[in-house]
Each structure stands twice: as C-alpha cells, then as structure tokens.
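Student: From TrEMBL, here are the annotated features:
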- 18-304: domain 'Deacetylase sirtuin-type' (DOMAIN)
- His120: active site, proton acceptor (ACT_SITE)
- Cys128, Cys131, Cys163, Cys166: Zn(2+) binding site (BINDING)
Amino acid sequence: MSSSVILPDDIREYHDPPEQVQEKIEQLMELIRNSKHMVIFTGAGVSTSAGIQDFRGYLTLAKQGIKSTLSDFTKIRPTIEHVAIYKLFEAGYLKHLISQNTDGFHLRSGIPITSISELHGNINIEKCPKCERSYWRKHDVRDYEIEVKGTHERIRHTTSRQCVYCHCNLRDTVVNCFDRTEGPHLFPLETAQDHLKLCDLYIILGSSLTVYPANYFSKYINCQQKPVVIVNLQKTSADDIASIRIFTEIKDVLIRLCEGFQLNINSGITDLETDLNFKEMIIMPYAIRKLDCIKEKTEYLKKKSETELMMFLTERRIAYEPPADAKIRKDHLVATVIRHCRKTVYWV
Ligand SMILES: [Zn+2]
C-alpha cells in the first residue's frame, strides 16, 4: 500500500498496486460465486462521480435563501457504478442493497424498492405520516426552509404537497444530521436487518463507516463469522475485520467484476440515458410490502372495499369487467388484484 498526497488522516487516499488489486478482485469473485445472500452497502463514494452536492452544501445555500441546483435531475444521473451494481443484482449475485446515500440513484438505475434499504431516505420520495403511502417523484421533494425548534435549527420536513388519499401534508424522507431519533424514514432499518441476518457476504463500497448504523453492520457480520469486503480509498473503522480490503476506485472493482461475470454494463447505460426506470409512482407502506404470501395478501385485500380495489386496477390501467353476480364480485376483484401483483412483493 502506498500513500499519494499528504492530507489529514481521515481523508488521505491510498492505492494498492495494480497487480494486488487484480489478485484481490479474483479472491472477491470467488467469494461471490460461493455466496447465497450477498449484501452490498454503499456510501457517498459511489455517487461522487455524478457531481452530487452534499448535504452541507445545500444547507449553506438554504441558509442564504438560495434554492439548490440539486433538484435539476435532467443534469444529474446515476453513474457507471450504479449500473454495475444493478447488473450484479439483475444477474442474481446481489440479494439486497443497503445505502446511506439520499440521491435516489440506485432506484433510478433499476434496483426495485423491495431490494434496497435507503437508511437516510431518498430525496425523490415523500411520505404521508397518516397512511404511510410514499410518493416517488421525478424531482427533489424537499422544501428548503429552515425550521427553528427551541435552540435547534433544521430543514423543515413538510413539503408543499398533500396525500391524495387522506389529504395530510406529505413529509420528505431524508434523515438530516440534526434529526436525532425522530427521522421520518426509519423503516428501512428493519429491512436491512432482515437481510443482514441472512447475509453471507457483505461488501462495503465507498464509505468510511463513521456513521451509525453503518459502523455497526460490519461488526455484526463479522460476529456472525461471515466475510466483510471493503472497497474505499480512505481507511475505515472496519479495516481490521475485513477479509479483503481493496484500496482502489470503486468503479475499477465493479467494472472488473461485471467483466468477470460476463455482465453487459453498456446495455444498462443506454437505459439510463433515457431514464426508462425512473417513473413516478405511489409506494405502499413497508408493512404491506412485506406480505409476500398469497394468503396474507388475500386477507389484506378482503378488508378493502370494492371501490378501493377497482381504484387499484384503474390506476394501473388494468382492464377489468366485474362479474354481474354481486355475491362473487369481491372475491373476483381480490383474485384479479393478486394476479396483477404476484410478481411484485410490494403493490404500487
Ligand atoms: Zn395518506
């Protein structure tokens, strides 16, 4: 390992010699081949090449009354790193993704919402505090006003829009550094923990692991005696427990993994150019998305009114002719809704 420029310890970058990087990537490929439930954790390092302005940057602008340019999504797009991670998911190697990034790029690159835990929220998602429906927008949903509570100041979470079902004011889902324990978007932690219990290979990309719960997850996996792999240019708090520690660009590792597994990254890049995966939609609450067996889905749907079930189908432009016999209409509707959402654990 050799250091490049002399910088303060926490931001100093290290680079493994090329032959060592290659050797470590081959070891990593072997671990991936033998893994049944690989989980990747991503930090800011996977998004920096997209030109993302970090939270401190927009807070400074907000205090000056200037609306950040972060909301201009026509200019900021997911990167090749996001595409490569999606390709690993699509090919079945990656089972779940945990991210502390709020830029929403993993979702935009094609990772389904059921396969990602966005621990710090998503700037494109606003949520109804009453019915817990989430709305995935094509723009940054945050309102940049500063709210003062006692001696504390913070970004106001209420957005200017309302839930179409219960008319409550929607809240953005981004967990800011002064939110303490009252962050509006805590449910991803539960999903992440569900997958960490199953995880047999944990890969950390682009995080120095200084923030809770990121620093705790790697220790948990290590206690389970499962391998932890870290790719980051700076040192991290979990380096001493890593089975493989790679000091190189994340892009370098991901591209070579895709090449090694014969995954075509270029096809993913074409999709991103037109943002085919980025569609506005309503996401049902986590508790409902978790219902992955037909019996539970049926029980849940039976409690819905016929009007609600019809609305579900109409919103998805699903042609449906209800049977004339009123006695069987409800069961028929429930069966139709299930048929149309069998492939998805969540109902959008
Ligand atoms: Zn609502």
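The backbone N, Cα and C atoms fix where each Cβ goes, and this holds for glycine too.
I would like each feature placed in context: is it buried or exposed, what are its neighbours, and how far apart are things?
Tutor: Mean model confidence of the domain 'Deacetylase sirtuin-type' (18-304) amounts to 81 (pLDDT, 0 to 100 scale).
In the structure as shown, the Cβ atom of His120 (active site, proton acceptor) sits within 10 Å of 21 other Cβ atoms.
Around the Cβ of Cys128 (Zn(2+) binding site), a 10 Å sphere holds 22 further Cβ atoms from the protein chains shown.
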Student: Could you state the CA-to-CA distance between Cys128 (Zn(2+) binding site) and His120 (active site, proton acceptor) to the nearest Å?
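Tutor: That comes out at 17 Å between the alpha carbons.
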Student: What count of other C-beta atoms do you get within 10 angstroms of the C-beta of Cys131 (Zn(2+) binding site), across all chains shown?
Tutor: 13
Student: By a simple count, how many Cβ atoms lie within 10 Å of the Cβ of Cys163 (Zn(2+) binding site), its own Cβ left out?
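Tutor: Taking all protein chains shown, Cys163 (Zn(2+) binding site) has 20 Cβ neighbours within 10 Å.
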Student: Cys166 (Zn(2+) binding site) to His120 (active site, proton acceptor): how many Å between their Cα atoms?
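Tutor: Taking the Cα atoms only, Cys166 (Zn(2+) binding site) lies 25 Å from His120 (active site, proton acceptor).
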